[in-house]
């Protein structure tokens, strides 16, 4: 009797869980030899046949606002896949938690730069057309302070559509779309070829959440990818906490709200201490509301380092062990842990050497890629783009009333502030949030008021 394959919701491996080999009791003696053969095959980083290696473009994985991560349209996604001899990126992730942080993170990582560039170009176009009178005043008149919103409208109307719909064509491996899940045999070939698929990947993107290090098959993917590199390079693996996207979205909205308040105050000709008080109150409110998101992000970063320092392969979880190696139908199933640990032993000598190597490699890559404040600089510039949009609208408003000095300041100096002062202020805000200073400052502001 041939072994059967069934889908068990274990939360790792193929969407949404592992593929588990089931064995009839009468076949258990034979399964020992079969297991060793499977270990040899997987540890050699081979693929069952060339047709197993299939890639999908990045835009396909993110279409429908990440429908692939919400277990929708996976069959359609597989039909979009094509044979390949190399992947640009292998996406490694756990299926345990809500998919939304993962989806938002991927949208900013893959489409954020394009969204930032196109929205800034659209905002600049709106600014230039307003400057030369092609676009009219939105409200107000030229004798007082006119209100121009064309830069903001151009930026907003471009940013989110591009963020959601940008067609990036990198060839990626995503288990939900690149493994044929229509038949048990096809699923088996995909799972047993996982090591070979990792060997064919130029880069590995790890979407890290608190459950990643707990999943046995996630650890197998990390081990296989490390083994496939003759000289492991920190550029080969990209580590991103899934809360990075939520934090980026929060910064974007916060910047837009703060700058919009400033532009409204300017339109109504509010000056002096009143502007300072209004902006301070608005800033404190926004900072307090967003501090929780920042704290959650930095807590996930801290937890990542703690997990790396203390993780043990033996502590990773898999469905077969949690079910007592018995399927829902009562039949015994092969132990995934035995297969994974034997592969790791062949690659690294023993589990301890793998754990030490993984800690060193992943920690170094994580620190180098995100910097001391754990946030990429390019992403800071993207999410602070509303600062430019509102500043350019302010420049046109001042130009309309003949105030050339302030117009030049808002147009030219804003670019310098965006490139220098804004990232510095955000870095300080990250530091303050990370060390609990943001809540303290908010408390002092409330008490003094």
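Just so you know, glycine gets a Cβ as well, placed from its N, Cα and C.
Of all ranges given (175-194, 275-294, 295-314), TrEMBL attaches the label transmembrane segment to 275-294.
Range annotated as transmembrane segment by TrEMBL, chosen from 243-268, 321-346, 347-372: 243-268. Matching 148-166, 224-242 against TrEMBL, the residues noted as transmembrane segment span 148-166. Tertiary neighbourhood of the transmembrane segment (204-223): same-chain residues 11-13, 18, 89-94, 96-97, 101-102, 105-106, 109, 194, 198, 236-243, 300, 303-304, 307-308, 311, 313, 315-318, 336-337, 340, 343-344, 347-348, 354, 358, 362, selected by CB-CB distance under 8 Å and a gap of 6+ residues from either end. Residues 148, 150-160, 162-163, 166, 168, 248, 378-379, 381-383, 385, 388-389, 392-393, 395-396, 399, 411 of the same chain lie 6 or more positions beyond the ends of the transmembrane segment (112-136) yet place their CB under 8 Å from a CB of it.
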